[in-house]
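The structure appears below as structure tokens.
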Amino acid sequence: MVSPVTETIRFDLQVIADWIEPGSRVLDLGCGKGDLLAWLTANKQIVGTGIELDKEKAAYCIGRGLSVLQGDLSEEVADYPDKSFDYVILSQTLQQIYEPAQLLYSLSRIGRRVIVSFPNFSHYTIRLQLMFSGHAPKNDQLPYSWYDTPNIRVITLSDFQKFARDVGYTIVKEIAINTNSANSSGSVVDFLPNLRATYGIFVIEKKG
Amino acid sequence: MSAIPSIETATSPFPHDSVGKVKKQQFTFAEPPGELVLESGARLGPITIAYETYGTLSPAKDNAILIAHAFSGDAHVAGYYTDDPTTEKPGWWDFMVGPGKGIDTDTYFVICTNILGSCMGSTGPSSISPETGEPYGMEFPMVTIGDMVAAQKCLIDHLGISRLHAVIGGSVGGMQVLEWCVRYPHMVRSAIPIATTMRHSALAIAFNEIARQAIMADPNWRHGDYYAGQKPDMGLAVARMVGHVTYLSDEAMRRKFGRQLQNKDDFSYDFGIDFQVESYLRHQGSKFVQRFDANSLLYITKAADYFDLKDTISTPSCIDDLHKAHLKFLVISYSSDWLYPTYQAKELIQALKRTGQDMSFCEIEADCGHDAFLIKDIRLTNLIRGFLHGVPRN
């Protein structure tokens, strides 16, 4: 009953979609216009919910038959009972969260597994820019200037691995990817990922 | 597309996306001794419910949508009573209900009933009591939102419909939607409560109390026994004026009226009409007394004040029932609604999350206040259309 997906979804979302088992209960945080949810609903028969702050995007999602709550994701996740979802997806949003540790704690409470993706700040182009130009780096993944960026956290793949360990999460899966500028295609980076990958995608769950 | 329009379409006086000419129907039940037992414990019968339907009920009876009207509304959602649409205003949600519209009557069979306690064809305080042969007046038992829904269910049963595709309503209509979900979750597939609340705030009760006091302070009210003589028109008009202020918003009133004067350049320095907003409210008040019964206003506002779903929806049995039924919800609020502000819709969402429902929520940015859902808006239409389409039939 959800309107068919005409475009291919972003490469990082393709990777995430691959990991989701058919029939799962999925919460997509910052779901935008609902491309991932629509794809998962059509291809993996998931029971999906999205949360999106932008009213027009949320309305667009609802209009295409998706279940989406318009609101602030940090507030909205607080009200769900424990283990309401099989997967909670936080895609390319972690770098914009004011209290990431607290949010991830909430997500691991309401979801069996949490999928987190973010742009890798230690990509070699960023390192080189900072080193040679002396300016705050910009690239396709992080296109903003220091004064207008919504990305208030700079995270590297190594940072996240350390954080997950320190805070008590098990990293169930991780993958580093490199995408083209349109983000529609890309490849998996196995060699020196912290240096060469533009994005990191992690599946974590709470220990114990 | 056929090149030659059929004779019917060529001569139809109605817009192509109108449900056309419609007729109010009535259903009478709960004849003594089988009266309906109300939430208060009182018994009421016989009960007549006025209703209208649009579209065609499918052979499987699985395409029915119930629309619940707001406190002063009626069953006339769409279409016209006469053959001349130029001289008549269509039903109150005509922009939403019709062939190809948000609630598409080519697909769905749409039902709307006039609520119990009202005065638009259903049994209420102005109806004749079978015991006395006189209008009930204050002898009419107190009815609740739950009682209104129980009466609606009798009609739905009578029509042979075991599950509604959706229950949709704004304001007090939204309360009925929520009541349907907790009372008869197995009979509802999806619900769209719009600009509504799980329970009245002190602010909402306060305005209702002012409205009631305005009526009861009118010497013509005579403890509700006024049907043979002069009616408490002044009190009812003031009650409506108060109501109208709560349906608007600061922004809407600034935009519509500001401080503009009505047909004059300077103050009159008396207590006639100076400001446009005064003229508007008086006009709304006097228009309202033509069509509405003062006692009905007393009863319905009280029912709205009593309505409290917050505790009900949190009980283990209700949570359990809702879990089993697993409905789809679309909750809609308006940014400038100060009668039932968005935080109250969020409270509803919060409660629904605990019951594991499939739900959507969207606040619509609009400056028209509480009444925005009665104003044509493509965003509301698209939300409802898309949502309904996404609700599986079986």
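Heads up, the Cβ atoms here are built off N, Cα and C, so glycines get one too.
As annotated by TrEMBL, domain 'AB hydrolase-1' applies to B:64-376.
What TrEMBL lists as active site, nucleophile is B:SER171. The Cβ neighbour count for B:SER171 (active site, nucleophile), using a 10 Å radius over every protein chain in view, is 27.
Per TrEMBL, substrate binding site is recorded for B:ARG240, B:ASP371. If you draw a 10 Å sphere around the CB of B:ASP371 (substrate binding site), it holds 21 other CB atoms from the protein chains shown. Look at B:ASP371 (substrate binding site): DSSP puts it in a helix.
Long-range Cβ proximity for B:ASP337 (active site), meaning a same-chain Cβ under 8 A and a gap of 6 or more residues, is found for B:ALA195, B:SER249, B:GLY369, B:HIS370, B:ALA372. Here TrEMBL flags B:ASP337 (among others) as active site.
When other Cβ atoms within 10 Å of the Cβ of B:HIS370 (active site) are tallied across all protein chains shown, the result is 26. For B:HIS370 (among others), the entry in TrEMBL reads active site.
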Distance [Cα-Cα, Å, rounded] between B:SER171 (active site, nucleophile) and B:ASP371 (substrate binding site): 9
Around the Cβ of B:ARG240 (substrate binding site), the count of other Cβ atoms that are within 10 Å: 23
